[in-house]
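Record features, source TrEMBL:
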type: DOMAIN; residues: 119-159; note: domain 'Peptidase M50'
type: TRANSMEM; residues: 6-26; note: transmembrane segment
type: TRANSMEM; residues: 47-68; note: transmembrane segment
type: TRANSMEM; residues: 88-110; note: transmembrane segment
type: TRANSMEM; residues: 122-142; note: transmembrane segment
type: TRANSMEM; residues: 168-190; note: transmembrane segment
Amino acid sequence: MFNFNLLSIVAALPAIIIAMAMHEFAHAKVADMLGDDTPRRMGRLTMNPFAHIDLLGMLMLLLLHFGWAKPVVINPANFRNKKRDDTLVSLAGPAANIIIAFISAFVLFFINNHNIDVSSGLYSVISLMVIININFALFNLIPIPPLDGAHIVSNMLSPYWQMKYWQWARYGFLMLILLIYTPFLTWVLIPLQQMILGLFAMILQFV
């Protein structure tokens, strides 16, 4: 899973920057639409990648194709329905990545089916846009704090179990590091990645 090839890293950079920026912009935009202006006041309601990039998360994406961006801070007290709206905000980031991945897959499909001549470098960048955005979405849906999946699961729990759930949030980063160095990402997330790619291929057959 590790990849230290310089050309691969250079090709992956545009995909990583776009994946991070659009993921966090989607969080900020949906939060703003639902009544929380915290992301707007903190300068996160922008597609400017420099507002969203987390250096360690970007490094993990470069090396493992799994990582994270700088989290968008929200204030659920500004939502009408706290649990529902927080869930929608949490889902917005992964959803944005899946949409970008599908658009990139469509571009590859169009190139291949119309015999369009593109450079191998550009083709690699577009291919990585598909894979990295899918992996970024899946990684962020893992139900371990502070990832989006933790917020989604937490909002399904009763207040008592929600409190218990967040009590171990301080160990979340350590658990994520341990997961990265175990076969979990390969055993679970790679099959899910392949399933999504298969779904894309099935949809594109009707285009």
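Glycine is no exception: its Cβ is also placed from the backbone N, Cα and C atoms.
TrEMBL: automatically predicted annotations, no manual curation.
The stretches the transmembrane segment (6-26) and the transmembrane segment (168-190) are not in mutual contact, being linked by fewer than three Cβ pairs under 8 Å (pairs 6 or more apart in sequence). Under DSSP, the residues of the domain 'Peptidase M50' (119-159) split into helix, strand and coil as follows: 29 helix, 0 strand, 12 coil.
For the domain 'Peptidase M50' (119-159), the model's pLDDT averages out at 93.
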